Amino acid sequence: MIIDTTEVQDLNSFSRLESLKEVYGIIGMFLPILTLVLGITIGVLVIVWLEREISAGIQQRIGPEYAGPLGILQALADGTKLIFKENLFPSRGDTRLFSIGPSIAVISILLSYSVIPFSYHLVLSDLNIGVFLWIAISSIAPIGLLMSGYGSNNKYSFLSGLRAAAQSISYEIPLTLLCVINISLSNSSSTVDIVEAQSKYGFWGWNLWRQPIGFFIFLISSLAECERLPFDLPEAEEELVAGYQTEYSGIKFGLFYVASYLNLLVSSLFVTVLYLGGWNISIPYIFVPELFEINKVGRVFGTTIGIFITLAKTYFFLFISITTRWTLPRLRIDQLLNLGWKFLLPISLGNLLLTTSFQLLSL
C-alpha cells in the first residue's frame, strides 16, 4: 500500500490548524474575563489610594508618600505584606466556615461585574435579567459574613454577622423596589437596555431627573449595603472590636477589605448605569456609538470614550462615598434599622406606586 506523502502533510497541517483554532478559541473565551479582572484590580487599587489621600486631606495630614510616586503603590505593598502573614485559626471555631466565609464574600461580588456595561455593548454578559441578577448575587455576600462570624467562635464576631444579615435585609428591599422602578421606565431589566433607554434623550433623559427621590434613596441604600460609614455597624470598633474580622489574619483578613472595596465599586457602577446614563455622552439625541461609528478605528475610539465617561461618573460617586465616610458619625443599630424600615422602605414603595400609576395613565 502506497501512501502519498503530500496527503499526509496536508492531514498534518489540517490537524495543526484545528489545534490552533481550539487554542485561539480558549484564549478568546478567557481573555475578556482576564481583562475584566485586571481592570477591577486596578480600579480597587486606585480606590484605596484615593481614600487614603482624601482622608488625609480632610484630616489635614500627610497621606502615604513613600511607596511609589505620591504613595500610589501603598495598597499593593499592604496586600503583599498580608499574603506573607500567617493564617491563624480559632482553636474552637468551625474551620470550614471560617475559611469559606471570606471567599464567598469576594466571589459573590465579583460575579456582579459580569452584567455591568462599561461602554457600548462592552459587557461580559448582556442578560435580560441583569439587574435582578445583581440583586440576587449581592444578597449572598452577607451569608459569607454570617458564616465567618459563626465559625470564629467569638461573641463579637457572631454579633457582627447577625448585624450584617439584618442590615442587608433592611436595605435590599428599598434597593429592589428602586430597581423595579428603573426597569419599568426602560421596559427592560437588561443593564444595556436601561442605559440605551436613557441615552435617547441625552442629559435630560437620565433617570436622575425622572427619579430624584429614588436616586437619593438608592445612594443611601447602596452605602448601607457596602457597610460604609455611617452604616458600618457590623465593624463598629468601639462595640465589636473588629466585628467578623476579629479572628482573621493574613490573606483572609485582606479578602474582607478587597470585598468591601469591590462592593463599593460595583455599587457606584450601578448608580452610573441606572441613574446617570452609563456611557452616555450627554448630548441630546446623540450618544457614543452613533457619534463614532464611522469605521473600525472610530468604533474603538468611541468605546474608549464610553469607558472613560462611565468611570468618570463612577469615581465621582466614589468620591462622595469616601467623603461621607470621613465626615459623618456612625449611627446606632436602632437608628440604622429605623431608617431602613420606617423611612426608606415606605418612601420607595410610594415612589413605585406613583411611577407605575403615571405609566398606566399614559398608556
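Glycine is no exception: its Cβ is also placed from the backbone N, Cα and C atoms.
Transmembrane segment is the annotation Swiss-Prot gives to one range among 59-79, 164-184, 248-268, and that range is 248-268. Only pairs six or more apart in sequence are counted, and the transmembrane segment (30-50) with the transmembrane segment (343-363) gives fewer than three Cβ pairs under 8 Å, not enough to call it a contact. Same-chain neighbours of the transmembrane segment (129-149): 97-98, 100-105, 108-109, 111-112, 115, 157-162, 164-165, 167-168, 172, 175-176, 179, 182-183, 189-192, 194, 225, 234, 243-245, 248, 259, 263, 266, 270, 274, counting only residues six or more beyond its ends whose CB sits under 8 Å from a CB of the stretch.
Beyond the transmembrane segment (300-320), the same-chain residues lying 6 or more positions past its ends with a Cβ under 8 Å from any Cβ of the stretch are 43, 46-47, 50, 54, 117-120, 122, 219, 264-265, 268-269, 271-272, 276, 278-281, 288-289, 291-293. Listed as Cβ neighbours of the transmembrane segment (104-124) (distance under 8 Å, sequence separation of 6 or more from its ends, same chain) are residues 32-33, 36-37, 40, 130-131, 133-134, 137-138, 140-141, 143-145, 147-148, 191-192, 195, 255-256, 258-259, 262-263, 266, 269-270, 273, 278-279, 287-289, 302-307, 310-311.
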